[in-house]
Every structure is written in C-alpha cells, then in structure tokens.
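Have a look at the structure below, then the notes.
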C-alpha cells in the first residue's frame, strides 16, 4: 500500500531511497534482502509502472537477471544459406544440361557429316541435303498436284 | 581457330578491371593512405613499375595467344619456369582468397537478422551478465573472433574444423564453379554484374557516408599529407609491393585474358585504361571508407564523453542534462578545481577525437570489425550490412575469376586431360581440389595461416616473377622484336617511355625493391598478433613469434614459385645437352 512507502534523502535527479514497512507488524520495516528479492522478481512490473526500462531505472546493488534474446528454432542464417545454395546448384545444373545438349547437337551434326564422308566408295549424291538413298528414285512419288492438272495442258 | 574469344571489347576490359580492382582497393589502399599520409610513393610505383608491366603482360598474351606457361615457353624455352611460377602463385592465392570470400559470405547471410548478431553480446551461463570474452572486448570483436573464426590462441593449436565455415566455403567454390564453368564464355557474362555492381554500392555509400556526422573529420584526416613519412624507406617498399597485388601483375591471369583477344587490338590503350581505372577506384573507395571511419571515431568519442558524464552525474547527484558534451570541458575544469579527489576517484578516461581517428586498421579488421561496428550505428543497419557485404563479395569474386583463369588456361593448353573430357569437368576438378585443400583454412588457426599465405606467397614471388618477366622480354626476346610485335598489333611503335621503362627502370626498380624487401624481412624474426582471451593485456592482441616449423613453411611458400624459374631453365638445358649428344 502507498502509505507504507516512506521517502527520504530526495535529490536533484529523480533518485530516492525508500524503505517498505510491513503493515501487519506495525512499525518494523521489511528487511532489505526480502525487498531486493521482490524487486528482482518483479522488475518488469515496476519498470512498466514507471514506463521505464532496465537501462533507465536502476536499483543500486540489484543486478537484474537479463532475459535471453529470442532465438528462432532454426537460425536465420541457415535459411538464407539454404536459399543461396539452392540458387547456385540450380544455376550449375542448368549450365551443365545446356552444355550437354549443345554438345549432343554438335556431335550429331559432326557424326552425320563424318558418316557421309566415310562412305567414300559408294558416292552418295546429296540432293538438297537429303542423301539420295533416302529418296526412293525407282518408285517415284507421284505428285498429286501436278498429276491432277494433266488434263489442262493443251495437247499438241 | 577454335580458341574461345570475348563477346566484345567491353567484356575484356571489364574483366581486366574486375581482376585488378579487388578487396585490396577497399581495405588496403585507404590504410596505406592513412599510415603514410599520402599517395605519392604509390603513384611513382604505378608510373615506373605498374603500367609498364601491365602493358607488357597484356601485349604478350595478345601477341602469343597462349596462357602463361605456353606464352613464356614461346618467348624462350629457358623461361618456361616464369610461366610455371605465375601458375603456382595463382594456385596459392586462389586457395586462400576464396576463404576470405567465405568470411564475407558468412557475414552476408548473418545480416538478415534483427538485431544484427554482432551488435549484442550473448549472455553467460547463469544469465547474470554478458559473456566475459565479449564484455571485455566488444561485441563486434567477439562475433568476429569467436562466432566466425572460433580462433585458437596460437598458430600451432589447430583447433577443429568449423562446420559453418565449411558450408560457406562450399557455397563460395560452387559460385566460382558456376561462373567459370566454361572458361570465359560463362565468366564474361558474370563479369558484367560483379564488376559494375561494386561501383553502384560505393556510390550509395559515398552519398550516405558524406551525410553522417563526423564524416568531414575523417576526410580531413585522410587527405592531410604527412611529408615526414616519405623519408621512411618502408613507405616506398610498401607502395612498390602493393602495386603488384593491386594491379594483379605476375599472376598470369592478365596474360590469359588478353590471349583471348583478336590480334589487332590496342593493348597500350587497354593497359593505361586499366591502370587509371584501378587507381581512380582506390581513391573513390577511400572517400566512403574514411567518411564512415570518421563517423565511427566521432561516435566513439561521444560515447566516451557520455560515459564520463554519467559517472560524474551519478557521483555528484546532478540532474540529467546538466552536463552536455559541449560544456563538458568547462564542467570538468570547474569540478577538478573544487573537488579534485572525487574526480580522481572516478578514474575518467581521457577522450580525444584524434586518438580515435588514429586507430587505423587494414585488411580484414577494417571490414569485419571497424565497418560492422559503424554499420550498427546507422539507421537501417540490415540494409547497409547486406549492401556492404554483397559489394565485398562481388569485388573479391571478380578477382577470383582472374586467379582461376590463370590456373585454368595453362592447364587447358597443356592438355592434361584427353580431348574427349569436356571443359566443364576440368573446371569442376580444379574447384573441387581447391575446396578440399582450402578446408584447412577453416580450422581454428585458419586466419593465422591466411595471414602467412598473404604475406609470403602473395608478395615475394610476385617481385621475382615480375623481374624475370621484364628482363626476359627486354634481354632474351629483345625489345626490338617485341616493339615490332606491338607495332603489328596496335599500329604504332611503343614510344620512349615504354622503351626506357621496359629496358632499364622497371628491372632496376624491381631489383632494388626485392633486395630491400628481403633485408627488411630478415632483420627481425617474423611475429604475429594472436587473439588470446587468457592474456593479461586482453583485449589487446598478444605478440607471438612463429615457431621454426611455421617459419620453414613460410620460406617454402615464398620460394616455391620462384624456384621453378631456375629449375625449368636447368631442365631445358639438360634436355638440350642430351639431345645434342
């Protein structure tokens, strides 16, 4: 209760000594060690009552037990590291796959050219890039467009 | 002719600039400026050593169209060792340089937290106070030495492998592999980002740094020349050795880059451009660095004053705001005259702004301790931290590209692997082997070893190789022949400046610097500063001397690249004699 807190030795800056009397035991003051223990346990409530913090409200001879900083379950840096590593690995895989595909294309082109050059004995005539063996020259393909127009030609 | 080439000239120039502009431009040049009070020795070294050697290397690679080993073998089979030495230096430097990037990456991924992990001290076991090691030094020091490096008190105690550093190291080597997977084809695309981005961030930091309180003090401090230090030969020596590392000469990387050029390219203009841009970047980077250092010194000075003010107010029971920073000196003199014993009993620290400005740091200390501390004080510190560490990472990565090319191109030309094996596999093998060897830098004593590699593998061999490069071209290949080659490529004969520097000034200067360097090194036993929490003077670092076996490794590192020069010449001589028999 407020009436049980007596002030003395008030100075210029907001600092004061105080003792707490025990109402149940009349005049005797509560021993210092008990007051210290009570303050230590309720430092937060006292701070918020004065709208101050551990740094701005200091009780002489009472070192406050500091609350540990909040640490998330996975450290933040591990998450960032995971993101960075995923990006790097994705980039490497992309470049390797692109390189393999480019290599395969080049290989196909060069092996085709090599195959055509190897068959030197059988001269392969190339018609518009397609080896003539692929074209079935014996059985010609009848081009339907021209065939249909046969009647339109004037017969000599 | 099947040799890969640059997509355009801009890519090539950007790669050379990116190779030259590295971490040293941000954290070594401003320190040298500060200690030696001026840049005159640096400019003289640049004019008579840096630019001639740069032109020589670029012209050589472009003319002979081969990597370092092949190029020097073509100049003269006796000089093959110069190429092998360059290759060896590139290997050694790549190993430890990427570990520095690992530290940068670690700080980068830790910058996404609120509050920044290096701004608060962790609690001790029974939660009554802060961790002792952190409390005695600062939270920034603690995060660097304990949470990042987990450093051992002595170079002989290896400690254990730090798993978080291994993860970051793997990521860094993966990034290097990603960018250099197909040689300059992939690297040329990556360089657009890694070479240009740091300039953007430097500009942002410049604008922000100039608005910080205390920035002007820092800049004034930087730009006031100190003419006394010019009499110290150490100053000239530092400038001469620094120019090598700054322009990345004698690594073989520049020869590799220019070997992918078309033969008719103006290498003289390129050399001057790269040197000038490198110089300008160093100066440009010093401005934000010194603004931030000035800001940090001013904040530390204000903190010192505030702490004194609080003790005085507590002692004399004065109201808050009665003593401010402005009338602090008046109050102190008044209280000293009226209550001298009380003031003496308070044990107030003397606060002097000049002292705080004098605390000069270079290298990793600048980035990871001083700058991180300054970043905490800025509003929006996460963003600044992220920007800063991405910038450092890009700077280091573009230099790593040059190092790796210096290793990759000669190996490709030596055709160690059969032609059926693709380029991607060779670069993968190089990155994997380097990663495995670099694991030893993630030990507890890793940072001591990196200092050793930096001081011994990255200094003396460069001088020796550069000396043989210049004398080899000037006196074995003959300057007349070289001038004709350059005339063929650029269209004009190299003028008097090049002739004089290539023939006389550069070799002479290199010889003098080499002799001076060796004499200064052997004068006193090399020592290092160890972080030892159990030392009485903690948080000051403990000065320790290297044990003999570590000294042997230092000497080995310095000699290994150099020894290839005579060895290869001897080998070739023996081959010639056997053949003539």
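Even glycines carry a Cβ here, placed using N, Cα and C.
Between the candidates B:278, B:308, B:336, TrEMBL assigns the Na(+) site shared with B:18, B:20, B:21, B:25, B:246, B:395, B:399 to B:278. Feature annotation (TrEMBL): of B:142-160, B:161-179, B:313-331, the stretch labelled transmembrane segment is B:161-179. For the transmembrane segment (B:42-60), the list of distant contacts is 16, 29, 32, 71, 75, 236, 239-240, 242-244, 246-247, 249-250, 254-255, 257-258, 267-268, 270-272, 274-275, 279, 466, 469-470, 473, 482, 485-486, 489, 494, 498, 501-502, 505-506, 509-510, 513: same-chain residues at least six beyond its ends, Cβ to Cβ under 8 Å. Of the ranges B:81-109, B:161-179, B:383-404, B:425-450, the one with the most Cβ pairs under 8 Å to the transmembrane segment (B:12-30) is B:383-404. For the transmembrane segment (B:383-404), the most Cβ-contacting stretch among B:81-109, B:456-479, B:500-520 is B:81-109 (pairs under 8 Å). Away from its own ends, the transmembrane segment (B:500-520) comes close to residues 45, 48-49, 51-53, 56, 233-234, 237, 240-241, 459-460, 463-464, 466-467, 470-471, 473-474, 479, 482, 494 of its chain (Cβ-Cβ under 8 Å, at least six residues beyond either end).
Take the mean position of the Cβ atoms of B:18, B:20, B:21, B:25, B:246, B:278, B:395, B:399, the recorded Na(+) site; other residues of that chain with a Cβ within 8 Å of it are B:17, B:19, B:22, B:24, B:248, B:281, B:398. Taking Cβ pairs closer than 8 Å, the transmembrane segment (B:235-257) reaches residues 12, 15-16, 19-20, 22, 24-25, 28-29, 32, 36, 41-42, 44-46, 49-50, 53-54, 57-58, 60-61, 67-69, 71, 83, 86-87, 89-90, 93, 184, 229, 274-275, 278, 282, 399, 402-403, 405-406, 408-410, 458-459, 461-463, 465-466, 469, 509, 513, 516-517, 520 in its own chain, all 6 or more past its ends.
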